[in-house]
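In what follows, a single structure is set out as structure tokens and then discussed.
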Amino acid sequence: MVPPSSSMDPSPPPSWFTPKRLLIIFCVINMINYVDRGAIASNGVNGSSETCDDKGICKSGSGIQGEFDLTNFQDGLLSSAFMVGLLVASPIFASLAKSYNPFRLIGVGLSVWTLSVAGCASAFSFWFFAICRMLVGVGEASFISLAAPFIDDNAPVSQKTAWLAMFYMCIPTGIALGYVYGGYVGGYFHWRYAFWGEALLMLPFAVFGFLVKPLQLKGFSPVESKKALASVETVSSVTDDSKASKLDGRMLVGGDGIIGDELSKTSKSESIHNILNQLSRFAKDMKVLLVDKVYVVNVFGYIAYNFVIGAYSYWGPKAGYNIYHMKSADMLFGGVTIVCGILGTISGGFILDRMGATISNAFILLSGATFLGAISCFSAFCLRSLYGFIVLFAVGELLVFATQAPVNYVCLHCVRPSLRPLSMAISTVSIHIFGDVPSSPLVGILQDHINNWRDTALILTSILFLAAGIWFIGVFLHAVDKSNDGSQPVSTPRITSRKPLLDGNVDESLCEV
């Protein structure tokens, strides 16, 4: 009889795996995700609608907007439609990770992403395109929820936040490459080829997620052991029922003597039972997250932070054009954001590792960098000089982007390993629903009311002080790093205490389980 503890021994890593190779693969996938975000927003892919002059001479539109004759409202819906799928599917994938191998779930998500992007390339109407964009968000949800825990598991202890920083640095880099890629392909070929190219780039990674031996995520038991234990519990529950031990005069021995109707009923009841278990487990896990003060404070600060960053990305060029009369506000704001995003994100990860990667130090860095960044950005919008504004705003964005790795480090380390996917999913959902999604229209309403872009920018920037204050509260909380907590052991049925199914005919495989 094999000792129960042996079922919990970690399996050896697959032959293809090394930590650096995993980081590179995930960084490339993340880059492709955000290349898509930049491409659909680029002039070459997004295009423009048909325009007519006073003489009635019309110039045909270009890109997606021109081909489907979209209004600006419809065009805006397409750019954010992926968010619907992302927000709905992120908690679902995080919950499924407890029943299915997380690495395989990433493969499922990337497959959905690839097929959806190919659907965008072959779209024949606005609504078909919008549905495909929603499914792109569904595919991205699995990766967003599960990739960071895999990186955290396999990064060197002294470089965990640096590795997370490299992963999140792919966001501004990918968007920048997407602008260039979409502009080039859409300008010289056709906007549809941009999406076909993205699908071809992602296809090998989707296939990779299914064909190779999957990695195991810390805090989750191998799926094979769960299936074996489930089969043991099913057989045990049948044999325990003395009244059900005979049916129509026949003995129920193991799985061979069970009549088909009985198996069908058992299968249906198990399916319903599994669904109820999933919902019950999700509710319990959500309760654990919502009562965790460290997690809640971290996410609230992240929401306030993302509220400002989302509005900056949408309204920044227009505000800069109106305040400082910039000739190329798009290029200036875009260039500053990309450079500061890359340098700031990487710097934040390395600084936290040098300080000592703890939750308390992460809150110190989050509050300090955000506070100093808020001062720089606020001062920048107070200046009358364009060059002074550029310098101070660049310094502010460099400091503000240094929070990317530390804030996700807290999300991963303030919960036990089995809750990390849900932690990342709920964090993502929260910062979008309460952060960047409502910030752009709310700032638009504010500007319509006060009709002064400088005042609007200053009011918006002041919310960064709120984010810094919320994260500063986290410094004083009792924070315990739970990332090294052992996974919850799977209970092993005590078969030895039961009577054998038939004397001398006990299934040895059940004893091994």
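One is the number of the first residue shown, and numbering goes on along the chain from there.
For all residues, glycine too, the Cβ spot is worked out from N, Cα and C.
What TrEMBL says about this protein:
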type	residues	note
DOMAIN	22-480	domain 'Major facilitator superfamily (MFS) profile'
TRANSMEM	77-96	transmembrane segment
TRANSMEM	103-128	transmembrane segment
TRANSMEM	163-181	transmembrane segment
TRANSMEM	193-212	transmembrane segment
TRANSMEM	294-315	transmembrane segment
TRANSMEM	331-352	transmembrane segment
TRANSMEM	359-381	transmembrane segment
TRANSMEM	387-407	transmembrane segment
TRANSMEM	419-437	transmembrane segment
TRANSMEM	457-480	transmembrane segment
| query | With pairs 6 or more apart in sequence, are the transmembrane segment (419-437) and the transmembrane segment (359-381) linked by at least 3 Cβ pairs under 8 Å? | reply | no
| task | For the transmembrane segment (294-315), name the stretch out of 103-128, 331-352, 359-381, 457-480 with the most CB-CB pairs under 8 Å. | result | 457-480
| task | Count, for each of 163-181, 193-212, 331-352, 359-381, 387-407, the Cβ pairs lying under 8 Å from the transmembrane segment (103-128), and report the range with the highest count. | result | 193-212
| note | Lying 6 or more residues past either end of the transmembrane segment (193-212) yet within Cβ distance under 8 Å of it, the residues of that chain are 14, 16, 25, 28-29, 32, 35-36, 39, 44-45, 103-104, 106-108, 110-111, 113-115, 117-118, 120-121, 181-182, 185-186
| remark: Per the Cβ filter (under 8 Å) with a sequence gap of at least 6 from its ends, the transmembrane segment (163-181) is approached by 23, 26-27, 30-42, 147-148, 151-152, 155-156, 194, 197, 334, 337-338, 341-342, 345-350, 401, 404-405, 408-409, 412
| task | Quick one: average pLDDT across the domain 'Major facilitator superfamily (MFS) profile' (22-480), no decimals. | result | 82
